[in-house]
Every structure is written in structure tokens, then in C-alpha cells.
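Copied over from Swiss-Prot:
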BINDING   His57, His61, Cys124  Fe cation binding site
Amino acid sequence: MTKKMNVESFNLDHTIVDAPFVRLAGIKEGINGDVIHKYDIRFKQPNKEHMEMPALHSLEHLMAENIRNHTDKVVDISPMGCQTGFYVSLINHDNYEDVLAILEKTLNDVLAADEVPACNEVQCGWAASHSLEGAKAIAQEMLSKKDSWHVIYQPGKEPQA
């Protein structure tokens, strides 16, 4: 990685991060003063493990629906194509500790769910690809490691400035 790229995550050295973690990935300010904070919610260690698509898909539905019960600041929650995490974008909300609390509440909602919201052909583009049990397992694993969500890099491997 010598040339700086346009995509923030392409400039992140994925070999030194230590998932799971919650990382501020970017800040954008609009012309009217609104500020978007984008967070990298990394569930799985890059290039070592990933979420299976049916479980990831259900987790996406569950988190997208339930996170909005805990804050009205969510702009979007999107899965990463590499299947290791999600991006969560919030408008005019910059409190990292509150983001962690919102994520914890949302993942607890996943554990309490008895169905995947919008899991049908009318509301979902691939309704056959879901796993509530898989989503719950991912949420449980993430919650079990919540004390380390603030640790982004492997010990002694922080990026050089």
C-alpha cells in the first residue's frame, strides 16, 4: 500500500487489525453543516473468517430494523462485500461510546428476535437466503467480545503515521 486510494478501507492495513472492533472510518460534512460519521463494525477477522451469507443477510435485516429503535440518527447500515462486517452511518452524532451502547442494544434485539423482518419476496430481493439462527450466533459472538470493541489493532501493530 504505497499509493493512497479513494476508498478509506482500501487504505486500512487489514493484516494488523484485531476483530471484532468498532472503528470510526470517516467523517463527511455537508454544505449546510450536517456531519455524517461512518463506523466500521467489524465482526470477523479479515482474510481469516467471514459471515456466511444467509446469516449475514438476516443480521442485516435485523440490525437495520432494530437499530432505529435506539436512535433516530441512522442514515444507513450496510454489509461489507467481504462479509466481515458492516458500515453504520449516523448524522449529527459523534459520541463513540453511545455508538457502542446502540450496537449492544441492537445485537441484544437480534438475540430476542423470533423472526427476520421483511423476509419475504415482496420486501426482500433474495428472501430465500436467510438464517435467523446464524444471525443470532454472530450477534452472540460479537456481544461476548464487547469489551474489546474499542481495540482496533493487534498488540504492537498500530499503523505508522
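Cβ coordinates come from backbone N, Cα and C, glycine included.
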Centre the Cβ atoms of His57, His61, Cys124, go out 8 Å, and tell me which other residues of that chain have a Cβ in range of the Fe cation site.
Ser58, Glu60, Val116, Ala118, Cys119, Trp126, Ala127, Ser129, His130
Which site among His57, His61 has the most other CB atoms no more than 10 Å from its CB, taking these as binding-site residues?
His57
Which ones in the same chain are close to Cys124 (Fe cation binding site), with CB under 8 Å and 6+ residues apart in sequence?
His61, Ala118, His130
